[in-house]
Structures are given as C-alpha cells and as structure tokens.
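J.: Mind looking over this structure? Questions follow.
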Amino acid sequence: MAPAAMNLLCTVLYLLSSFAQVSDAAPWLFSRSIPASYHDGRLGAVASENSMCSEYGADMLKIGGNAADAVCIYRLSLFFAFLPYPALQEDRAMYHSGIGGGGFMLIRAPNGTYEFIDFRETAPAAAFQDMFKNNTSGSTSGGLASGVPGEVRGLEYLHKNYGKLPWKTVMEPAIRTARDGFRVTEDLSRIMLHSTKNGNFLAENAAWALDFAPQGTLLKVGDIITRRRYGDTLDKIAKYGADAFYTGPMAQAMVNALRAANGTMTLEDLKNYTVVSRPTAQIEYRGMTVTSTTAPSSGVVLLSILKLLNGYKNFFRMDPGPLSTHRMDEAIRFGYGQRTELGDPLFFSNLTDYQKKMISDEAANKNRMNISDEYTQDIAVYDPKGLESLNTPGTSHISTADRSGMAVSLTTTINLYFGSRVIVPETGIIMNNEMDDFSVPGRSNSFGYKPSPSNFIRPGKRPLSSICPTIITRPDGSLYFVSGAAGGSQIITGTLQSVINVMDRKMNVRQALKAPRLHDQLVPNVALMEDEFDKKTVDFMISRKHNVTREKSGSTVESIMRLKNGVFEASGEPRLANSGGVVV
C-alpha cells in the first residue's frame, strides 16, 4: 500500500475523534471550487451515511487522491454535516467512536494483498470473569465499563508501517477542526436529549458541560459546539507521538477519571496495549472471492452463511422470494449459532481450527442438509449448547475504493452513546464501554440462554464483535464489491444481504441496499422483517413457523461496486435521509 495513502488513513481515524467542524485548515474543501473536469465514473467511489460528505470524498479523488484519502475527507466533513439515528455508527465520533475506543479495518492494497488490523479494546489486567455478576449496570456505565482503548496504537501502527508524512502533519487538520467548532444540528440535539432523559449528565457534570452545556443548559440547534480540550489532546499526540496517550500525564488523567468512577485501569494497562495484524478469511461464492475478517470480529460468521447458501444453485433466481428468504434465514440461524463459540484467539488454542471448520465444505454441506424447506426448527438444532448471542450495539462504517483497485472497509466504535459516560476532564477523551460486549457467567439473558464461555472476561482479552468488513473480487482478481455496516448485532445480516442482493438477485448497489432486510440472531427466537417485505413472503415465513415481527432494520449499510468496464457504483444507506454514495 502506498505510504501516502496510509498516512491519510491515519488522519481520518483521528478526525473521527475530533467531533468538530472543518475550519480554514482546508478551506478549499467546502468551497465547491474543485474543477468541473469530466469524470467517467472510473476514478473511484465513496459510500457513507451523508451524501455531502461523500461528495467531499469524491473531490479528493478528483484531485488525484485515492480510497484512503476519500476516507479521510469523508470523516472530516461528517463532523459538522450530519448525525444519524441510533443504530447508525459513531454519530460524530463522540457517540460511538474516538480515541477512547477501538475498531477493525480491512484493507485491500492495489496489488491485491489484504491486511486485517485489529485495534479493539482489551480488558484491563484487574478485570476478572465475575466482575459484573452482581453489578449489571457496571458493564455499561462507570469506570469498570471501559476497556483499554486501542485506536491511538492502531494509528501508530499504520503510520510506522505505511506512513511517510510527519506525524504532526497527519494530525493537524483534526486539531484545527476540534478547536474551531460547528453548529449543533437537529440530530445532535435529539441525541443529546435522548441520552439525558434519565439524568442530564451532559449539563450537570462539569466535565461534560464544558462542551455540551457551557452556559448551564444543553446547547440547542444552531448553537456552536467546540471541543478545545480535545484539540489540545490531539496536539500533544501530534507533537510527542502515541506514547503521549499511553504514558505520562494524559494516561494518568485517564486512569484518574476511570478510578474516580470505580474503575481499575492502570498506567501499565495503557502502556502495554498493542494492536494485532490478524489473518483474513476467504471463501468462493458464485465464482468470486469473498474476503472478510476473523475473530474477535464476525467476518467468519458472514462467510459461513454465504458458504452454506452457495450450495443453493437457484437461490433467489428460480424462486424470487419466499423459499429463498426462508433458506437465507435458516442459514443465518446456523451462522449465529456458530458465533457463540467465537472469542479472542489469544485465549483459545483451537479457535483457528474452529474458524476454518466454520467455512469448510463439510460444515456447509452438513448444515444445509439439516435445513428443512417446510419449517424452521428449535434453537438447539442451530446452537446445541444453548448459548446467548449478545446484542452488541454501536459502530460506524465507511466503504471507499479507487481506480488502482485499492479499497478500505472500516468500522470503529466506543460502543453505546457517549461510551461509559466517563469523560476525562483534562483531555476531553470520552471513554468506551466495550466491557459490555463480554459475556457474564451466571447471568442468563432475558430469554433464559446461558452466557458463552468463549466470551468470558479475562485480563487482556478482547470482546467479541459483530463487525464484518467485506471485500469481494472477481476470478481475475479485480475489485468487485466493498461493503460493511453499522448496527450492532445486525451488522452481519445487513452486510450479508448487501452481498446476496448484488450477487444473487443481480441488483445494482442502490437497489441492493434499499431492498427490505431480515434479521434473525437466533436468540431471541424472532425473525425481524421490514414492512417492505411483500405479504406473500411474510405469510410464507409464518407458515414455516418463524416468529415474524415487523420492524425497521437496525443496520445501516454502505457499499461500492466496480463494474467490469471499471465504472463504479456506490450507495449510502437509503433508510437515512442524507446518506449517499458518490462516484467520479
């Protein structure tokens, strides 16, 4: 991968954290003065939840940038343009992402090689298996809820291995934007009100109020919000590197804030954090190569579902709806049943073999043989151990690609809105509540299913995630499709159906994302179907004994397709008013 490209990718992830409007750091970006030279759709594409931000990403491609550059500009412009609804991503960074969190990234270099970068949060050294057994709220709010953040070390890894520009140069746009501020949108105002309905911590806690209620009441639509402390924090990281975050005064302030909220994270926890470059996973589907990510993400779950469905040769062709929808749901149920055994590979010696088995011909054939076209079956058929499938929330996704064949599928998070609701007073860093993604022994979920031992808390362990960035190539190795989603446990089914809709149903990208979605994570034993499904399909599913509930999809998908002639198609999430994809 080109060093300049990775430098710009580093920039975007810091920009994710700034939660601020672009200032005169890059005035050309918003002037719309990019030359209106002719572009034939072969230069590249950006798909995001905001059409204007996608336009700015496309501008970067017009002036000679690449897919990573487009990611950068998208994230930069998103901070002032739009806030999506709850299921959707990081909402302006501070809601579901930032340097107090972590994530996963799948990168396809122009030469066709892949890298899966895991900068997921880890459990502190003092964490233990039963720490939330009698403290149910402790995993979502307060100091114990935070895992050791991985984002800054992840960016350091990218910069040192691929970077060329000076670290400070990479950081400068994010610093400027954090200090300048932006106008509160209707969406931001709505989310602030939603998050404070059971206690106005944004106004009543002085550390939060400095940004959100500087005059004593929550900022309203049209007001200017700034994050100057955060800008100063990024400035220090720019000058002194990632060690400024993980050691010294900044790290001490983080530890102090968490300990004041009953946390146990230490300076050693921060100092010892490392990112992991993990193997990718691949299968053949309809003659093409599908690449995704391995545990502790859920790319291998997506691949196992596709592997099973690959055995249905007339899937969504001879039968355009009902039976294929039933078969898809059954495959999804097997996939989520397999997911309950996943966890951090560092803590399981046989997890590599298990994942290989998940996407093997043998497993796919066996599970397909166990599917009945006449009815769905008891949960034990799909998950014999009766383990829970966590409803993990949060996340943000963007897909980009360019004419060189480079593509980036990126998802990050700090988990719930405002993470653990711990903000570091001195730095403005919002801490994650990723510890809630672990399973807790002895705490069966509300449906009576047991927690998964594979995802129990251990010191240094990374919790299981639903994230599954995906890239597909043709038999000749050329780029075909880039996709991913936000929406917690619905990420897998959202991404899956984007793939099925373009590859099996022969839809274009916009049609693929607009088509009604189904979600079934096995536990609870409910098939969620959007209202747009036709009555024939819904009635068929009910006749097959599925517990159908009509509900709007909780996933938001962003995808890009590259046609054989090199022309790109792109789409943001159609369920969002301002989402969009842009090709140039």
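Cβ coordinates are placed from backbone N, Cα and C, and glycine is handled just like the others.
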J.: Which single residue out of Arg108, Arg120, Arg153 does Swiss-Prot record at the L-glutamate site shared with Thr413, Glu434, Ser465, Ser466?
T.: Arg120
J.: Would you mind telling me which one of Asn134, Asn272 Swiss-Prot calls N-linked glycosylation site?
T.: Asn272
J.: Would you give the longest CA-CA distance, in whole angstrom, between residues of Arg120, Thr413, Glu434, Ser465, Ser466, the set recorded as binding L-glutamate?
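T.: If we measure all Cα pairs in Arg120, Thr413, Glu434, Ser465, Ser466, the largest is 13 Å.
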J.: Rounded to the nearest angstrom, how far is the Cα of Asn135 (N-linked glycosylation site) from the Cα of Thr413 (L-glutamate binding site)?
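T.: Roughly 23 Å, rounded to the nearest whole number.
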J.: Non-local Cβ contacts of Asn547 (N-linked glycosylation site) (under 8 Å, 6 or more apart, same chain)?
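T.: Once residues fewer than 6 apart are set aside, Asn547 (N-linked glycosylation site) is near Asn525, Val526, Ala527.
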J.: Spatially speaking, which of the recorded positions Thr395, Glu434, Ser465, Ser466 is closest to Asn262 (N-linked glycosylation site)? Use C-alpha to C-alpha, please.
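T.: Smallest Cα separation from Asn262 (N-linked glycosylation site) among Thr395, Glu434, Ser465, Ser466: Glu434.
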J.: When a 10 Å sphere is centred on the Cβ of Asn272 (N-linked glycosylation site), how many other Cβ atoms does it contain?
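T.: A count of 13.
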J.: Including all protein chains shown, what's the count of other C-beta atoms within 10 A of the C-beta of Asn111 (N-linked glycosylation site)?
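T.: The Cβ of Asn111 (N-linked glycosylation site) has 10 Cβ neighbours within 10 Å.
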J.: Looking only at Asn135, Asn262, Asn350, Asn370, Ser466, which of these recorded positions has the biggest number of Cβ atoms within 10 Å around its Cβ?
T.: Ser466
